Amino acid sequence: MAQESPKNSAAEIPVTSNGEVDDSREHSFNRDLKHSLPSGLGLSETQITSHGFDNTKEGVIEAGAFQGSPAPPLPSVMSPSRVAASRLAQQGSDLIVPAGGQRTQTKSGPVILADEIKNPAMEKLELVRKWSLNTYKCTRQIISEKLGRGSRTVDLELEAQIDILRDNKKKYENILKLAQTLSTQLFQMVHTQRQLGDAFADLSLKSLELHEEFGYNADTQKLLAKNGETLLGAINFFIASVNTLVNKTIEDTLMTVKQYESARIEYDAYRTDLEELNLGPRDANTLPKIEQSQHLFQAHKEKYDKMRNDVSVKLKFLEENKVKVLHNQLVLFHNAIAAYFAGNQKQLEQTLKQFHIKLKTPGVDAPSWLEEQ
């Protein structure tokens, strides 16, 4: 009997119909292994060849120096083993290829966002929430004060000064309204006197028998119209000064008073909240609320004290300015009226010069900017 050749049980080598070894699978494995390895790692070219099955070694691995340019990386390769592919993928994710061609390994970790990055929508929502809470507290405080249930902080001296200022403002507005009415009526009278003087002058030229009489009346009406224009200038100056005092200076002070009153309401509202929390139990849940309420109360107390000082200072300066302005304007008004009805033209003109009042000549337009230059 012919002796059978020993066979290796570890591997079976297929043979083609011509009796040659079928190494197509080995070439396919070598090609896949080359493609799966990362390019540019400085590895030598590896070739795996198989010898006869009757040899003592299963195969010989021949290694030589790598020659030629490295192949460009392929986008995706099917690895012969899933485990090897997963390991290569993990190694590839930690490799960074710089411009020089060398690979450096970096550590991957969780991404931490900076605290400075804020959402504008969340900021607006927070502002709306604070405004709504503050409005609710202030509204509740106002209703409680009107119903007589809540307490309010009162500065008796400052409140009295504010009440006097508001009352004086109403009276000054009434004087201003009456002075404007007088100015309108005086303007109509001056206009009528001027027309009447022109009519008398025309009749003086056409009526020879009454030439002198019409002439006297024409001169009188023209003189009255001239003096009326002078008085009208003084009254308009008085109106402008009082209007500035009432609608600008006093109004600015009253705006500060309104801010002071708003600060007072906020102060009382947060003071009431703090008092209610202090009357309740003190435990781990209420202590943070009490501390926050104490902080808000202190902030609004400082704001209230600041606004109260601002109102006191403005009221003091307003009183000094009001006395000075009204003193000059009342003297002007009295002297102009007295000189006009006394028929003292020189005294009337002297009064206007004393207060640096320039009258606009009727029928004369204002000079252009070229003439002023």
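Cβ atoms are placed via backbone N, Cα and C, with glycine included.
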Ser9, Ser24, Ser36, Ser108 - residue that Swiss-Prot labels as phosphoserine: Ser36
Listed residues Ser17, Ser39, Ser44, with the one flagged phosphoserine by Swiss-Prot: Ser39
Sequence-distant neighbours of Ser132 (phosphoserine) in its chain (C-beta under 8 A, six or more apart): none
Where Ser132 (phosphoserine) sits in the secondary structure, as DSSP reduces it to three classes: helix
